[in-house]
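Scroll down for the structure; my scribbles are underneath it.
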Amino acid sequence: MKNLNKNTKIIVGLSGGVDSSVATLLLLKQGYQVEALFMKNWEEDDKSGYCSVEQDLSDAQKIADKLDVKLHAVNFSADYWNDVFIHFLKEHKKGRTPNPDVLCNQKIKFRVFLEHALSLGADKIATGHYARIAEKNGTYQLKTGLDDSKDQSYFLHLLNQYQLSKSLFPLGEINKIDVRNIAIENGFVTANKKDSTGICFIGERNFSEFLATYLSKQQGDIVDEQGQFIKHHQGLAFYTIGQRKGLKIGGGFGKSGEPWFVADKCIERNELMIVQGNHALLYHQILSASKPHWISTPPTLPLMCSAKIRYRQQSQSCMISQNDNKQIKVVFKQLQRAITPGQSIVFYDNKTCLGGAIIEFRL
């Protein structure tokens with residue numbers, strides 16, 4: 001940001017939340033020409049009030065008015081449906097667990113939004129993500145945010161060189177608590193607004209109930225590791241590896257009295273296998289992943305680095321090698337709990353995000 005000309009026009013994605021509000025303020029303080037854009041990516045509101053488009057737009061407009069910034073409101077819901085949500089449903093139908101936020105960043109926020117912002121005369125876009133961008137000799141790197149507890153590089157690992165070259169992350173060098181304080185000091189209506197959690201189009205609704213409105217139920221058996229029948233499930237799409245909540249099986253059922261967790265899904269038999277406690281079947285050390293994406297030059301394999309198989313996980317030491325089938329093989333130094341097909345595995349070299357891939361199966 002420091003090297004940009006002050007005549008640079010930046011359009012910031014203003015969501016109606018505290019992060020994008022403060023990001024907008026910081027850009028103005030840097031002296032740039034700033035406009036804002038509110039994205040409507042989903043048509044239906046969460047009735048509980050946690051994912052209200054109307055409320056978010058209202059808050060975004062109040063921030064824009066307070067900062068004297070022009071606000072564009074654009075409906076990208078058709079793009080989101082076609083490029084993100086349909087894929088989300090297809091993956092769940094296969095019994096996998098996709099991450100729509102990763103795809104949303106790649107397809108919507110840093111493609112559709114970027115293209116629209118450029119058509120409005122912007123030189124770059126900005127968002128309230130907690131991540132950093134570094135550039136050296138014309139090559140861009142995605143770095144983790146200064147606030148490790150809020151780092152969002154995991155969700156941004158599919159960005160390419162062009163997208164990074166056109167993007168700014170004003171909050172990358174700031175801690176979340178300081179962002180809140182800045183919002184309070186400036187009297188932002190969003191200062192104490194609850195952070196969005198989970199998938200935005202689901203909000204605080206029950207996940208299985210939401211999914212059931214789009215996917216038909218297919219009853220099958222829930223069995224233990226010995227193949228003993230326990231009860232019926234209503235469809236593999238409604239469960240994920242490592243899941244405990246929603247199984248509705250008391251710990252008293254079984255030998256150990258410990259909680260039950262989803263250990264595996266057998267698509268061919270429409271069977272869900274569950275185990276108790278920290279069972280060995282929940283842990284694996286090797287996985288195969290498809291569609292590897294490297295943010296800069298693809299590394300020479302094999303490669304020693306670290307990886308995350310889910311957001312908020314501490315990076316885990318691993319080695320990446322090439323499989324014969326164009327997939328990559330990842331061997332962790334330690335066993336990993338609940339490796340989940342469909343989820344993203346994201347690779348790091350210290351504070352640099354190298355890229356990632358889609359988990360296909362555990363070995």
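Cβ coordinates come from backbone N, Cα and C, glycine included.
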Handout entry: One of GLY31, GLY95, GLY121, GLY128 listed by Swiss-Prot as binding ATP at the site of GLY13, LEU14, SER15, GLY16, GLY17, VAL18, ASP19, SER20, MET39
Key = GLY128
Handout entry: Span of the ATP site, taken as the largest CA to CA distance across GLY13, LEU14, SER15, GLY16, GLY17, VAL18, ASP19, SER20, MET39, GLY128 (Å, rounded to a whole number)
Key = 15
Completion exercise
Within 10 Å, the Cβ with the most other Cβ atoms among the binding-site residues GLY13, GLY17 is that of GLY13
Problem - Set of same-chain residues at least 6 away whose C-beta sits under 8 angstroms from SER15 (ATP binding site) - result: PHE38, MET39, ASP56, ALA60, GLY128, SER196
Handout entry: Proximal residue to HIS129 (site 'Interaction with tRNA') among recorded positions GLY13, GLY17, ASP19, CYS104 (C-alpha distance)
Key = ASP19
Practice task
Take the C-alpha atoms of GLN343 (site 'Interaction with tRNA') and CYS104 (active site, nucleophile) and report the distance between them in angstrom, rounded.
Solution key: 14
